[in-house]
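Enquirer: What follows is a single structure, and I will ask about it in a moment.
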Protein chains: 2
Amino acid sequence: MKEFDFIRRYLHRSQADADVLIGIGDDAAVIRPRAGYDLCFSSDMLLKDRHFFGDVAPADLAYKVLAVNISDMAAMGASPRWALLGAGLPQLQEDWLAEFCGSLFVLAQHFGITLIGGDTTKGDLVFNVTIVGELPQGRALRRDAAQAGDDVWVSGQLGLAAAALHHHWHTFALPDAVFDCCERARLRPEPRVALGQALLPVAHAAQDVSDGLAQDLDHILQASGVGAEVFADNVPTLPQLHDVLDKTALYGCVLAGGDDYELVFTAPRSCRSAVAEAGRASATPVTRIGRITQDRGRLNILNANGMPVALASLGFNHFE
Amino acid sequence: MKEFDFIRRYLHRSQADADVLIGIGDDAAVIRPRAGYDLCFSSDMLLKDRHFFGDVAPADLAYKVLAVNISDMAAMGASPRWALLGAGLPQLQEDWLAEFCGSLFVLAQHFGITLIGGDTTKGDLVFNVTIVGELPQGRALRRDAAQAGDDVWVSGQLGLAAAALHHHWHTFALPDAVFDCCERARLRPEPRVALGQALLPVAHAAQDVSDGLAQDLDHILQASGVGAEVFADNVPTLPQLHDVLDKTALYGCVLAGGDDYELVFTAPRSCRSAVAEAGRASATPVTRIGRITQDRGRLNILNANGMPVALASLGFNHFE
């Protein structure tokens, strides 16, 4: 099968999108931006053994490759609209491709995303998705807009993906039922697009948790020139993890694990009920975990006794 | 050096671009589309040993990674505006990065491109650039617009990059001066942005020559439902290659070599002087090499005696 047959068969699906003037199959795609909207761009590269195991099921792989990009749109409060997929593939194996592309298009359609381009080439497994979203003009959940006095919130539960990963690495072993929950969170993170949009009129700053809560919240602090105080035991996680992990392991997963793809965001105290309502409207759990301080760049994580929590690492380092 | 230090130091340069509301450093970049313009998107992935040698100079590598994407914009008649860079890097080596980024920004600035995002991660050398360009609304040089009776044209000279590659592979040896010319064409292809824009009111169909003239012209034929007759000896190449290569090797490089990043395009006979003028206005040589026929999907390449030229391959197969 040649590259062009592959593209034709698997990627060149008819997708109804009136704003796409030229889709896959030319040198470039052409879209017509809608009046009143800004466009939002993000790009993530995923490499075998770095971001996923080589034996991952193709349907799970495709889901994650796209989902982590959708999560960046959620963190801006944007609606994902279009995506371009770059893929290095060791060979063109039809079953594998059919499963990969099937899963990719299910997720894309769920979020109303049209695949408008990409590039496939022979190589070790590597993927790069660029995603393009729409934002009402002048609106965005930025990193640099947190203000002293804001509450700090997170969506969903944190630390599950990291716990599953540690189970794979044999750092510790999880009971089967707990592992299944954590593994599902690792493989199928749910991008918080609806929450991000609901937060546009409410939140000050937001970011998705991909490299670990401490590190990602720190980006907000650095960009905004503020500090934060976070209550470690308020950070929501899978309740069973409290029973099976000691505090050090639990804090490591929840506060510095990464791969969560939940949102961490700040909002004024006066907006607590509005935040709760945004959570309800988007059917997304939201939990208040701390507050923004004037203590520039200082992230203070406290345990139930009000003592500082020491972390071995703030989170994932892309070059370690 | 951590990833975020790297991003800050090398990629987060201040670039004056009033249409970029949020640049590198947030979850996603935000741009404000200009009224009256469509946006054009393309993405190319380049892998070590597949698209470049592992010991390539970082300045040459950066140039090419971006240039091949700019070439896709040229082939649409679009102005490149923004780019996102995904990079897998074995390590963060400062000298290497400084040279790579320096070269990248020189080329970006030359074409008025702002780097608005990207992702870096540890891995085998791999790059993915997504480029975004502007087109006057409703205009684009498409692949599917060639008409029977059109002339077929190419820009610049073809086959040089392929000749250099064969020299590297020891298929044949080029004299030093010839190799230098060809190697420069291979490492530093000149994206034909000005020509593409000048052709917007003139050309019917266009595409850039990345996988070999025969294969890339064939995409126009397939998409447009037409055929073509091309005169092999009219296809411009480096004159010295006629002296040092036999006909089979020469035709292989010129007609099926690839990596040229010239434009192949069709235009009505009545526009010959307008095409010549577009070439002059953009300081780009343009040469008429054949014509579009009604012979659907049939590409007829003829030598000086009017006999069909047989090619061992139509061009680069991304999965061979």
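Every residue gets a Cβ built from N, Cα and C, even glycine.
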Enquirer: B:ASP27, B:ASP72 show up in TrEMBL as binding Mg(2+) 3; which entry in B:ASP151, B:ASP176, B:ASP180, B:ASP208 does that record put in the same site?
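Expert: Mg(2+) 3 site check in TrEMBL: besides B:ASP27, B:ASP72, the record includes B:ASP208 out of B:ASP151, B:ASP176, B:ASP180, B:ASP208.
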Enquirer: Near B:SER210 (ATP binding site) in space, meaning Cα within 10 angstroms, which of the binding-site residues do we find among B:SER42, B:SER43, B:ASP119, B:ASP259?
Expert: B:ASP259
Enquirer: Are there residues of the same chain, six or more positions away from B:ARG143 (ATP binding site), whose CB falls under 8 angstroms from its CB, and which are they?
Expert: B:ALA205, B:ALA206, B:GLN207, B:HIS219, B:ILE220, B:ALA223, B:SER224
Enquirer: What does DSSP assign B:ASP72 (Mg(2+) 4 binding site), in three states?
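Expert: SS state of B:ASP72 (Mg(2+) 4 binding site) = helix.
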Enquirer: If you measure from the C-alpha of B:ASP259 (substrate binding site), which of the binding-site residues B:ASP27, B:ASP44, B:ASP72, B:GLY118, B:ASP119, B:ASP211 fall inside 10 Å?
Expert: B:ASP211
Enquirer: Give the distance between the Cα atoms of B:ASP211 (Mg(2+) 5 binding site) and B:HIS51 (substrate binding site), rounded to the nearest whole Å.
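Expert: The Cα atom of B:ASP211 (Mg(2+) 5 binding site) is 11 Å away from the Cα atom of B:HIS51 (substrate binding site).
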Enquirer: Pull the DSSP breakdown for the domain 'PurM-like C-terminal' (B:147-296) and write it out as helix, strand, coil residue counts.
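Expert: Looking at the domain 'PurM-like C-terminal' (B:147-296) with DSSP, the answer is 72 helix, 29 strand, 49 coil.
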Enquirer: Identify, in sequence order, the binding-site residues in B:SER43, B:ASP72, B:GLY118, B:SER210, B:ASP211, B:ASP259 that approach chain A with a C-beta to C-beta distance under 8 Å; the answer is 'none' if none do.
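Expert: Qualifying residues, whose Cβ lies under 8 Å from chain A: B:SER43, B:ASP72, B:GLY118.
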Enquirer: If you count other C-beta atoms within 10 angstroms, which of the binding-site residues B:ASP27, B:ASP44, B:ASP259 is the most crowded?
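Expert: Checking each of B:ASP27, B:ASP44, B:ASP259, the winner is B:ASP27.
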